[in-house]
Amino acid sequence: MARQYSRTNPLGFTPWPVTIITALVYLALVIPLLVVQHVVPSAPGSDPAGLNLTEAWADLQVLTNGFHPYNSHRNDDVHKWLLQRVHEIIDSAPARSTDSAHPPAVFVFDDDQSNLTFSGRGNELGVYFESTNILVYIRGTEDDETQWWADPQGQPASKGGVLVNAHYDSVSTGYGATDDGMGVVSCLQLLRYFTTPGHAPRRGLVVLLNNGEEDFLNGARVYSQHPLSRLPHTFVNLEGAGAGGRASLFRSSDTEVTRPYARAPHPFGSVLSANGFEAGLISSQTDYVVLEGDLGLRGLDIAFIEPRARYHTDQDDARHTSVDSLWHMLSAAVATTEGLVDDASDQFDGAPREDGKVASGSGSKAVWFDLFGSTLAVFELHTLFALSVTLLIVAPLVLLATSIALVRADRMYLFRSTARVPGSDDFDEGVSLQGVRGFFRFPFLLVIPTGVAVGLAYLVTKINPYIIHSSEYAVWSMMISAWVFLAWFVSRVADFARPSAFHRVYVLTWMFVAEWVLLVIATVYENRYGLAGGYFVFFALSGTFLATWISYLELFALPRKSEYARQIAPPSRYASNHGSRLGTSSGEHGMDDAEDEEDDDGDDEDEARNVEEEPTESTSLLRGRGQRTTFANYVRVTGDYLHGAGDDEPRETHVYGREQAWSAGLPKWTWVLQFLLSAPIVLILVGPLALLLTAALRQTAQDGSSPLFVYIAIAVLTTLLVTPLLPFIHRYTHHIPLFLLLVFTGTLIYNLVAFPFSPSNRLKLFFLQEVDLDTGVNRAFLSGAHPFVYEVARSLPSAAGQNVSCDLSAARPKCSWYGIPPQVQATATPDTADWVSFNITRSADQPTRARFSVAGQNTRACRLVFDDPVRSFAVLDSAYDPRFPHLSPQGTQEIRLWSREWGHTWTVDVEWTVPAVDGESRGVSGRVVCLWSDGNAPGVIPALDEVRRYSPVWTAVSKLSDGLVEGSRRFEV
């Protein structure tokens with residue numbers, strides 16, 4: 001009896017085991033990744049020592065019971081409340097504990113003296129800002145016990161301390177629960193924790209509650225002028241760019257400062273997010289860039305990242321977050337800060353710097369990523385570079401050496417079409433091995449599905465670009481289902497037409513080459529630009545290399561080619577009157593590929609008669625019977641060729657389907673090991689990156705970013721995630737692919753026709769009202785995605801009957817109409833010109849200089865906007881710092897003025913360079929603008945109230961500029 005290919009082996013390389021095992025592995029990894037992404041670890045049932053979660057949540061509710069931007073009276077109330085809470089926490093610390101440990105000394109600073117002038121974006125923006133920061137210094141056990149900060153030139157004698165920073169201002173349209181209320185209450189709990197006996201820090205700890213972050217990171221910049229800024233060398237910045245979920249490690253300076261974060265109970269994040277910030281994929285910034293870039297500290301940026309639709313809106317409130325999210329940030333902050341303040345080494349202390357920045361030493365570039373939200377892998381980029389170079393050299397050499405060994409062992413079937421029969425003459429064509437079959441499949445398997453996925457990205461961008469805003473998993477399902485189905489279909493067509501036992505090894509070889517090239521690119525970027533986001537390529541190539549090597553080692557189980565050729569009967573021909581046959585059955589025939597494709601000259605009657613006959617084991621295999629017609633006029637040959645010419649010898653059938661007979665010797669279970677080496681590592685590392693990118697970018701199109709980039713990124717990530725299936729997908733049964741075809745059909749239709757926004761995933765519209773105080777004319781502006789912004793604007797009652805004009809040229813279109821006049825003054829002021837007062841005095845001896853005195857009623861934020869840039873400016877009584885240049889070679893076109901006092905008068909000296917006309921120097925012109933940002937009371941900004949009341953439930957309102965209302969007056973000098 002003939003030996004049958006085992007179809008009951010649960011690990012055999014047959015359809016059902018392959019389908020079930022690969023599907024289960026993918027599900028077993030994808031489901032936990034989704035859980036980690038969307039389920040926040042529960043807060044502990046009882047408060048950990050030194051912390052009080054109930055108190056922290058109550059503080060968050062108080063902090064977020066109103067909008068509190070810097071330019072609002074509610075902001076002053078928050079400032080007073082925070083000072084009160086700081087003193088309450090300090091006073092509540094026990095005098096001593098049972099182990100006789102004393103609480104550390106604590107000093108509180110209400111900074112109402114510091115100010116600073118600096119330049120802003122594009123260097124054509126100047127900013128003057130006055131501090132209302134709150135600083136708390138917890139003296140470390142090894143700190144200098146003198147009050148060195150009392151001396152204007154005093155310097156701490158101890159090692160560098162640690163700064164924990166959060167900002168307590170919100171935007172004018174958001175309550176600031178995650179941006180940055182959770183950071184603020186976490187700072188309060190850190191204050192409680194480190195003033196609890198037994199938790200005293202070794203290094204000094206500075207807790208900074210800064211004010212003015214939302215208006216260009218002003219609070220962090222002016223912090224640089226406080227004496228305490230000379231103490232910290234490292235920092236932890238707590239931020240929020242979403243509205244709940246897990247707090248992610250956004251960025252870090254180096255390996256050494258990142259390692260303490262690994263102590264967090266639930267670390268979360270990837271170094272790729274830092275690379276994304278560097279590439280400008282996310283437009284907003286945090287205080288990290290000031291602390292790390294301008295001041296020279298080394299630290300981390302821990303922030304909430306999703307959903308961005310709630311960011312800077314009225315849904316950034318306590319109701320839309322949770323105690324669990326608060327605990328996730330707080331636990332990470334405690335673990336990281338404790339690791340930094342207890343560090344006894346000198347790794348964060350360096351030599352004094354000539355540029356005036358903090359002497360924090362230098363660290364090594366870091367690679368870091370979490371594993372299932374429970375462990376953080378962190379190591380030096382240099383280590384990754386060394387490992388990458390080693391793998392790039394060693395892996396090809398190992399495969400080359402194995403190939404040479406196979407050649408010497410006469411078992412190198414790869415890339416071999418024939419084998420010579422020992423002792424044959426030179427004219428003998430040899431025995432066909434069909435070892436080249438399957439080599440060219442991979443480009444088609446990769447390019448066709450990827451091309452279709454990219455095409456889908458363009459299609460969705462063209463038809464319904466914002467669908468990912470609310471339906472990201474519908475987009476992912478569409479991409480993955482299309483990719484897998486097409487890959488399966490192409491592989492099945494190829495396997496049907498030209499069966500090959502080498503499909504797996506050839507696809508793995510192609511994957512190895514492709515990933516080797518990717519690793520070369522990633523390694524170059526690591527070395528030249530310090531970008532570590534390609535770390536996953538190293539691990540992917542490592543797994544693919546081992547899987548490929550196993551396939552090469554499997555070939556040692558095959559018979560020697562010479563022995564195999566000796567056993568094979570002389571070559572014969574098969575033909576079909578239906579067309580050429582590209583793929584044959586088992587390779588014992590000795591037929592080469594050209595002979596496979598010859599036509600059959602037999603008549604139809606003989607063929608029909610042969611098909612009707614019942615074949616037996618003794619039936620001749622050279623009679624043309626057993627053929628069956630397939631699509632595309634190909635004929636599948638079912639007979640096996642025997643050793644010798646006799647018909648009574650048993651045939652070798654220990655092969656799969658119509659694959660080559662010599663493959664009977666290949667191991668049947670090693671595919672499982674290969675799959676486990678190549679696929680899980682990709683899912684574990686690339687899967688979180690895909691979810692992180694989706695969460696961070698899926699709702700950025702409303703901010704003016706290109707949605708096409710996100711769809712293309714998903715298409716590319718789909719390819720990375722599913723490519724490990726390609727070596728095995730030709731063995732899949734039809735059940736999953738056909739199901740995925742249905743999924744693709746449904747999700748494609750949905751993604752093209754569904755409305756992209758919902759009450760839980762709202763479209764942000766950005767509001768601003770401008771008032772010409774000279775004429776009293778005002779216009780309300782809404783900016784947002786087209787055409788939705790126009791539809792909302794024209795539906796408002798005040799816009800009825802008006803010609804709503806829209807500027808569609810910008811990345812984020814802006815529509816305007818004559819709005820309802822604002823009532824931003826505390827008392828009725830009929831003449832709008834009185835809202836802003838200014839005086840300009842031109843210098844008599846210097847005709848290109850003038851002094852501006854500017855003030856606004858019921859505001860502490862104004863601007864000077866010039867028609868042409870001025871050469872220089874200086875604000876009276878301002879501090880200047882060489883670390884923050886305030887002048888630009890291109891000049892300054894706008895000067896922003898912020899004060900801690902209401903109705904403050906700023907004095908600004910301006911100098912300009914304008915060519916003389918008729919011997920007389922020309923002056924300058926522009927506008928004096930003041931801002932009003934307090935939208936807490938109804939009726940103060942009726943146009944904003946109207947937008948909130950009458951806009952659809954799927955829209956949200958955010959600020960377009962620093963102010964909600966901007967009133968301006970014209971000037972000429």
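Note that Cβ sites are derived from N, Cα and C of the backbone, with glycine treated the same way.
Now, the feature entries from Swiss-Prot:
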BINDING   Asp179, Glu214, His312  Zn(2+) 2 binding site
COMPBIAS  593-607  compositional bias 'Acidic residues'
CARBOHYD  Asn52  N-linked glycosylation site
CARBOHYD  Asn115  N-linked glycosylation site
CARBOHYD  Asn803  N-linked glycosylation site
CARBOHYD  Asn839  N-linked glycosylation site
REGION    572-623  region 'Disordered'
TRANSMEM  16-36  transmembrane segment
TRANSMEM  384-404  transmembrane segment
TRANSMEM  439-459  transmembrane segment
TRANSMEM  470-490  transmembrane segment
TRANSMEM  505-525  transmembrane segment
TRANSMEM  530-550  transmembrane segment
TRANSMEM  675-695  transmembrane segment
TRANSMEM  709-729  transmembrane segment
TRANSMEM  736-756  transmembrane segment
Which residues of the same chain, at least 6 past either end of the transmembrane segment (675-695), have a Cβ under 8 Å from a Cβ in it?
21-22, 25-26, 29-30, 33-34, 36-37, 242, 245, 248, 269-270, 272-273, 276, 305-307, 369-372, 468, 472, 476, 508, 511, 535-536, 539-540, 542-544, 546-547, 550, 710, 713-714, 717, 720-721, 723-725, 727-728
Tell me, please, if the transmembrane segment (709-729) and the transmembrane segment (384-404) are in contact, taking contact as 3+ Cβ pairs under 8 Å between residues separated by 6 or more positions?
no
Is it true that the transmembrane segment (736-756) and the transmembrane segment (384-404) have 3 or more Cβ pairs under 8 Å, skipping pairs fewer than 6 apart in sequence?
no
Restricting to the same chain and to residues at least six past its boundaries, which positions have a Cβ under 8 Å from a Cβ of the transmembrane segment (384-404)?
367, 412, 414, 512, 516, 519-520, 522-523, 526-527, 532, 535, 538, 541-542, 545, 548-549, 552-553
What is the nearest of the binding-site residues Asp179, Glu214, His312 to Asn52 (N-linked glycosylation site), using the Cα of each?
Asp179
Looking only at the recorded stretches 16-36, 439-459, 470-490, which one has the largest tally of CB-CB distances under 8 Å to the transmembrane segment (505-525)?
439-459
Run through the Cβ atoms and count how many others sit within 10 Å of the one on Glu214 (Zn(2+) 2 binding site).
25
Would you kindly give the Cα-Cα distance separating Asn115 (N-linked glycosylation site) and Asp179 (Zn(2+) 2 binding site), rounded to the nearest Å?
24
Please tell me whether the transmembrane segment (439-459) and the transmembrane segment (16-36) touch - that is, whether there are at least 3 C-beta pairs under 8 Å between them, with each pair 6 or more apart in sequence.
no
Out of Asn52, Asn115, Asn803, Asn839, which of the glycosylation sites has the smallest number of neighbouring Cβ atoms within 10 Å?
Asn803
Within 10 Å of the Cβ of His312 (Zn(2+) 2 binding site), how many other Cβ atoms are there?
26
Near the Zn(2+) 2 site, what residues other than Asp179, Glu214, His312 in the same chain have a C-beta no further than 8 Å from the centroid of the listed C-beta atoms?
Ser170, Val171, Gly174, Gly176, Asp180, Gly240, Tyr311, Asp316
Inter-residue Cα distance where the pair is Glu214 (Zn(2+) 2 binding site) and Asn803 (N-linked glycosylation site), in Å:
33
Provide, as an integer number of angstrom, the distance between the C-alpha atoms of Asn839 (N-linked glycosylation site) and Asn115 (N-linked glycosylation site).
23
Tally every other Cβ atom lying within 10 Å of the Cβ atom of Asp179 (Zn(2+) 2 binding site).
28
Pop the Cα-Cα gap between Asn115 (N-linked glycosylation site) and Glu214 (Zn(2+) 2 binding site) into the table, whole Å please.
17
What's the CA to CA span in angstrom from Asn115 (N-linked glycosylation site) over to His312 (Zn(2+) 2 binding site)?
27
